[in-house]
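Report on the following structure.
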């Protein structure tokens, strides 16, 4: 049996998070607290001795990933497929502004993984672009989960919406149930474990949810 551990870490806090403003793929920086959160997460996750670290190319995720890279000595790889959900016309708006302009729209977005803001992506869209990245890692990283050393995880540093969508897709949840995976705090993480026969193809891996929304400290910013 081969077991691949996959840890997905959300970026630290930004001023947009603090102000309840939609970021999507806008490229924002970590706040002072966000940088401290990234350091705290790196101290915990560094003890897992990751096999590799891969990050979204958006600055808030990359800055978070760099702290883990500094802690472990690993180079951070970058892949734009790990970007946050594109939120179309909502990007840059506060929750209150969206609710005033489109009452009920944010609720529809949260409760339907196929729903997308005008000009943006749905969670199904996000999973479709990010899931192939995991398939490539399974194919190319021969040390990941090999029988004699199943523990060192792959760490993806990304965004709450992407992590929820990718987790749901890997777990093969019915799309109607994807909203059951709730929000994540800044600098919190999830862990999935992929179980398969040693040479089984990606599609035959059975992913299990081990951890959801863990953090170095209790998160109070789940959105």
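Cβ from N, Cα, C; glycine included.
Note that the coordinates shown come from a computational prediction; the quantities given were computed from them, not determined experimentally.
The annotation active site, tele-phosphohistidine intermediate is assigned in TrEMBL to 11. The active site, proton donor/acceptor annotation in TrEMBL covers 84. What TrEMBL lists as substrate binding site is 10, 11, 12, 13, 14, 15, 16, 17, 60.
Here the features listed in TrEMBL are placed on the structure.
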| residue | record | DSSP class |
| --- | --- | --- |
| 10 | substrate binding site | strand |
| 16 | substrate binding site | helix |
| 60 | substrate binding site | helix |
| 84 | active site, proton donor/acceptor | coil |
Report summary line: residue 12 (substrate binding site) to the residue listed as 'active site, proton donor/acceptor', Cα to Cα, whole Å, comes out at 14
Query raised in the report: What whole-number distance in angstrom separates the two most remote CA atoms of the substrate-binding residues 10, 11, 12, 13, 14, 15, 16, 17, 60?
Result: 15
Report task. Write down the Cα-Cα distance for the residue listed as 'active site, proton donor/acceptor' and residue 14 (substrate binding site), rounded and given in Å. Result -> 14
**Report entry** Cα separation, the residue listed as 'active site, proton donor/acceptor' to residue 16 (substrate binding site) (Å, whole number)
**Finding:** 14
